[in-house]
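Database features (TrEMBL):
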- 29-48: transmembrane segment (TRANSMEM)
- 61-92: region 'Disordered' (REGION)
- 102-128: transmembrane segment (TRANSMEM)
- 140-158: transmembrane segment (TRANSMEM)
- 170-191: transmembrane segment (TRANSMEM)
- 224-243: transmembrane segment (TRANSMEM)
- 260-300: region 'Disordered' (REGION)
- 333-619: domain 'ABC transmembrane type-1' (DOMAIN)
- 450-470: transmembrane segment (TRANSMEM)
- 476-495: transmembrane segment (TRANSMEM)
- 566-584: transmembrane segment (TRANSMEM)
- 653-887: domain 'ABC transporter' (DOMAIN)
- 897-917: compositional bias 'Basic and acidic residues' (COMPBIAS)
- 897-1005: region 'Disordered' (REGION)
- 951-975: compositional bias 'Polar residues' (COMPBIAS)
Amino acid sequence: MNRPPPPGRRGPGLTNPLPWVSNPVAQNILTHLQVAYPIILLLLYFAVFTARSILTARNNDNDEASKQPEQLGPGGKPLPRKSNKNASVVPSSLDFSKPRKLLFQWLSVGVLATLVANVVVVIVHALVEREQRWWCGQAPTIYLVGAFMVYALLLIMMIDTRPSPTIAHLMTWAVALMMEIILLGASFGVYTQDHREPKVGDPRGGELEREMTHWEILEVTSDLVRIVLLMGLVLFYTTFVLLQRRKKKVQEGVDEQTGLLSEGGAENGMATRPSTGYGISNGKPKGPHDAPAGWERPKESPSRSWWEYIRAYGIFLPYIWPYKDRKLQINFVICFIILFAQRGIQFLVPYQAGVITNILAGEKGPMRMPWAAISLYITYRVFQGSNGLLGAARQVLWIPIEQYSYRELSVAAFEHVHMLSLDFHLGKKTGEVLSALGKGSSLNTFLESVTFNVLPMLVDLGVAIVYFLINFDAYYALVIAVVTFWYIYITIRMASWRADIRRQATNASREEDAVKNDSMMSYETVKYFNAEDYEFNRYRDAVKKYQSAEYLVTFSLALMNTVQNLVFMLGLIVACFIAAYQVTTKQLKVGDFVTLLTYMTQLQGPLNFFGTFYRMIQNNMINSERMLELFKEEPTVVDTPDAIDLPSCQGDIRYKDVQFSYDARKPALQGLTFRCKPGTTTALVGESGGGKSTVFRLLFRFYNVQSGAIQVDAQEVQNLTIDSLRSHIGVVPQDTVLFNESLMYNLKYARQSATDEEVYEACRAASIHEKILGFPDGYDTKVGERGLRLSGGEKQRVAIARTIIKNPRIILLDEATAALDTETEEHIQEALKTLAKGRTMLVIAHRLSTITMCDQILVLHEGRVAERGTHSELLALKGRYAGMWRKQVRAQRAAEEAKVLKDKADRLRRESMDSSGHRPGGQQDGAASSSDEDEQPGPARQAKEEMGVQQALSMSPRSEIPQAQITSMMSQETASDAHGLKSGMVRSPSPVREEGSLGKPAGHP
């Protein structure tokens, strides 16, 4: 269609620098708003999304802070609050129902469909009028492609996140609706008046149109439908939120009409005393399902927002940042300066390559040898990248910072584990804790990656988009933006899919380490039960499980790398085609094509690194999650803010109506009340599970009482600092664990300032000094892991010696002499008698013969004091204690008689062999016999004795033999023989006697 040029044009072959339209204001609005449209929406969405995440996280923090006080870790640094695993991640009142979500999603799909319709109109229009070289121009292209990316992102976030949609979606839809209305008005302002259509290279250089074309009608129709859909999204969201708020107010009104007493509340306005002991939460006992289990391994990715992740891991910042070391802070600043210098070099390398190409192609004057340009290019390359001079300098400067953070994190985690209470250590897996303690390097890698890889990557991508937008045109910037969007999205989606696979592999690796560690720690147990094959198979199964998970990790990684490379290659192909076309049409120079290709190839590094970084971040976060969980573990027994020291101790101990339970269904102590006066000895006896060990644990403050009080010198132990209380208490446990160090190291562990002579005196008192001197290395002898190279009795005596070295005012003995032989026990009893002078002793005893001289004996039954008194007083009561005493006397008699019968069996066997002319070991008759002086028994008597022998051989020397069986055995002997047996008994480890039958009782324990 040929029309005369409008007024103001200088001729048909000339074009104005600015496009001509009858309404230039509408045209400027249309052009600039189309370019800004996707940028505004994208920035708005992320700004509101970020603000909402931060506010939500802070509200959650405030809720948690109101429920639990802040805990401080090593060095006074705050610990992260432990999240409530039973709490819902997102309150249901803030989310929409599934039908409403589907409505929002389909409306969003409709918005995307209108943009696709616009794109189809543009492509068909360009094909139909290709001879006129029609093209929509840069601004509409940016608008259509950018808007499609933004609305696709909104839809993806709506599907992937919960709750959804959010206020971020609403704000984005509302602003998009306003801009769409403005764009529609500007389009009508341009299309309904005289205007020129765009063509390639000239936005308004095409044919003059005086009214809307059918292509423009299709365009504005799609725009109008998009406005209607956006309006529906805004209206539906607002309506649904108002309905939810109204429903919530109605529900609150119903709640206000319910009773005032909630679950666990006190009746008639009377409150019960709050409890803070083990198994208690907010004053209510925890059941077995509510109580914290052992330190469990996470099976799935935690449901947290990105901001919650940042806050959670931000707790490590005080351990990572060298806030006290100025030299390291200067190193950090220099590293950042080098970082920005590297970004400049990264930009100059492709630019200089283009300069060299243009010189060689003669684009800027005659062709010549570009010595200076090549030298400058080589100089840039020397400094470029992590392997260049700048990268090497930065790595060297970063080493002390990395070592500092690793040292602080590892030491802090180690200190924190030691600060945790006994309940954590009883439920832990040693291999799991050791694995978590070794994850400080993962956090170091995370910090370095964020600082020197993520930030440079973002800077490089931003600079690339701006550079192409200014020096080339918007198409290249758009290609980079689209490639970056889809590359990052695919990386995040596939990496999220891989996260659980990676976590399973990590858990399988930890399980393999745990199996290996447990098996090595239980070496002797494995040998006792010939369980080598079982352990081999168990470890082999753990390895196979890890390898199966590792295969999935490797396969998913290869798949993700392939998809990432495909996305980037598609973007590179599009950019190369556009650049090649512009070079052939003289819009670009050859050097520009080289610069473009070099820059695009160079951008593959940051994008590839993002994929690597995201995977690395996941690996590091999965690995460091265990350390984070360690830091989140809070000690259940801590000093109160107003706790005081116990500088001196007299040893006056009082239990006042103490209640305690490990499990709310089964109390361990019920109203326990007793007193230990200074300098006295109190024994605790009773059946297993009666609460004896719990008494010790509460006094040592491994746990806090749930009600009642424990006092030391009239001070409640919960009002005393833990360190000062424990410094006055010495413990000799039933199972002594020693460090894999020398004996001297283990002995001085009780008091590092002790002299060698004090150690020798303590060992003499514990009857271990001569034994130690008999070792080849004496006191320098290594005891092995957990002291396994020492016998049970030797370890027990070392424990007693350590307690003597500590010299406490209160001593807790948990079956301290149970593993000792008769002679050694006599020495230990004398040593303990000396040690007990002026000190308060509590003794847990199962062998009642060791506690007959105690000042008081408490018989515990089901957490209560069933009987109390001295030995003679309790025997006179003829209650539980007297029954236990009689059982032990019978058992000891049976053991002694069984031993005598066994000795007699040995004698009869030797005599029988002598009479047949054979001797043990092949000796002939005539060798001296140890029983020659014994009278040879007659046949009848010998047969009778052999019957008793067979019975004796079936008995363990220490087993309890029923009285009827003992009587049957003894009836085979004459009265004089029986009397001889009794008078010739081997002395028991601690002499016992029947009630009222006795001489002098055993010594003081």
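Any Cβ shown, glycine's included, is placed from N, Cα and C.
These figures come from a predicted structure and were not determined experimentally.
In the predicted model, the domain 'ABC transporter' (653-887) has a mean pLDDT of 87. Only sequence-distant pairs (6 or more apart) were considered; of these, fewer than three Cβ pairs between the transmembrane segment (224-243) and the transmembrane segment (29-48) are under 8 A, so the stretches are not in contact. Scored by C-beta pairs under 8 angstroms, the transmembrane segment (29-48) has its highest count with 170-191, from the stretches 102-128, 170-191, 476-495, 566-584. Here the transmembrane segment (140-158) does not touch the transmembrane segment (566-584). Their Cβ atoms form fewer than 3 pairs under 8 Å, with each pair 6 or more residues apart. Counting residues 6+ beyond its ends, the transmembrane segment (566-584) has Cβ neighbours under 8 Å at 475-476, 479-480, 482-483, 486-487, 490, 590, 592-593, 596-597, 600-601, 604, 607-608 in the same chain. Distant neighbours of the transmembrane segment (476-495): 141-142, 145-146, 149, 153, 156, 461, 464-466, 468-469, 556, 559-560, 563-564, 567-568, 570-571, 574-575, 578-579, 596, 600, 603, 607, 610-611, 614-615, 618; these residues of the same chain sit at least 6 beyond its ends, with a Cβ under 8 Å from one of its Cβ atoms.
Counted with DSSP, the compositional bias 'Basic and acidic residues' (897-917) comes out as 19 helix, 0 strand, 2 coil.
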